[in-house]
Amino acid sequence: MRTNPTTSDPAVSIREKNNLGRIAQIIGPVLDVAFPPGKMPNIYNALVVKGRDTLGQEINVTCEVQQLLGNNRVRAVAMSATEGLKRGMDVVDMGNPLSVPVGGATLGRIFNVLGEPVDNLGPVDTSTTSPIHKSAPAFIQLDTKLSIFETGIKVVDLLAPYRRGGKIGLFGGAGVGKTSLIMELINNIAKAHGGVSVFGGVGERTREGNDLYKEMKESGVINELNLAESKVALVYGQMNEPPGARMRVGLTALTMAEYFRDVNKQDVLLFIDNIFRFVQAGSEVSALLGRMPSAVGYQPTLSTEMGTLQERITSTKKGSITSIQAVYVPADDLTDPAPATTFAHLDATTVLSRGLAAKGIYPAVDPLDSTSTMLQPRIVGEEHYETAQQVKQTLQRYKELQDIIAILGLDELSEEDRLTVARARKIERFLSQPFFVAEVFTGSPGKYVGLAETIRGFKLILSGEFDSLPEQAFYLVGNIDEATAKATNLEMESKLKK
């Protein structure tokens, strides 16, 4: 641990102590820097360019060494805009990789990729920093216990339960509710588990980052009056930032989460929104560095970069990092190399469906496409497993019958199939749920549903106990008791209309 050279003003003594180079070439966010013979920086070292532009404005650009070119030159990628830089400017080799603040002082704050606070709340009250590049925990340090992480979201807990200390992927195209689901998870986990979260906004919209921050302040996840009581640290590298920043912001968030796990011995939640943008930024940097592209134009090092990040997200004997990663699926194609590479690292996948979103069923989690390695009788128990399998079988049969219904109509089905369809439609609606973070849009108060309540509700629907209730009663409710109360209200309303 050391004082952060990239976020504090380097004094003259540091400047003299460190190696000094000069900019030889600038191509967009990529800089070639010449150093004196024998004074070459290491790969991943931080370089700082300081000076003034033609208007006299101060320049302070941090870069990261990516390649050693020979002839005493290195190629570095800038972490911020390179406007105003010119050839011949001094470049200081800081002698270490980028280091960022870590610990309790980061809670309730917003940081950029360099660990600099960007929320106008003054400097971070800590001198403890940690480098963003480090090795994954040794095999002997890993913890392999299997336990469920309850989220309070019915469709997730029943059909694709999350593993404590596991990696979960949220797959979906644009506008189907990935970020809303992440916000709900942060809210539920902070309130139900009292856990600390780190949110890495990787290459997403600045407006969404701002909305998320405001939502967190309103819901109490961030306590403005006493930041130490906040439950989340935010790290943003948004769409408008250079590819270097977007490529490294995930590592900055992960470094903060690792400190809570390893030093504070806490269970941490790491949210990455969006892991596809991490791959996309890596692809841009790869092209800028002149590497030959691989399949579909992605970088040839795609698997290595993904593996380096994902292997650090793990549980050790000290604590756990449970990671929830939103994965944008280009053109809804799950075979695209970016989502396909991500799949290999995940314990559970929550796939969001445009079809369900179009029906107005939120969260639009596809119950048949979503999977989890935890859905085994020896882990979740026989009752949970059997209920989940029956729900899936009912929905699968309904899916198979939809073509027949579209052509011949519901009346042409057998009595048994008609009953299956009726129950499947109730199940489909009961899988929807009002979110706390969506209260302002829906007008319905959010609901947290425990796992036992969820299993009880679906068992009752499958048993046929509620065959007489209208399917509308099961839409956007919490537990099954709310559905029966809603059915009674609907019945009274229809009588009044008559």
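Each Cβ is built from the backbone N, Cα and C atoms, and glycine gets one as well.
Swiss-Prot lists G172, G173, A174, G175, V176, G177, K178, T179 with the feature ATP binding site, giving sequence analysis as the kind of evidence. According to Swiss-Prot, the feature phosphothreonine maps to T6, an assignment based on similarity to another entry. What Swiss-Prot records for S13 is phosphoserine, and it gives similarity to another entry as the kind of evidence.
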Other C-beta atoms that fall within 10 angstroms of the C-beta of A174 (ATP binding site): 11
Among G172, G173, G175, G177, the most crowded of the binding-site residues [Cβ within 10 Å]: G172
Sparsest-packed among the binding-site residues, when each Cβ's other Cβ atoms within 10 Å are tallied, from V176, T179: T179
Proximal but sequence-remote residues of the same chain as K178 (ATP binding site) (Cβ under 8 Å, at least 6 apart): L170, G172, D273, N274, A326, Y328, L352
For the ATP site built from G172, G173, A174, G175, V176, G177, K178, T179, further residues of that chain with CB within 8 A of the site's CB center: Y328, L352, A357
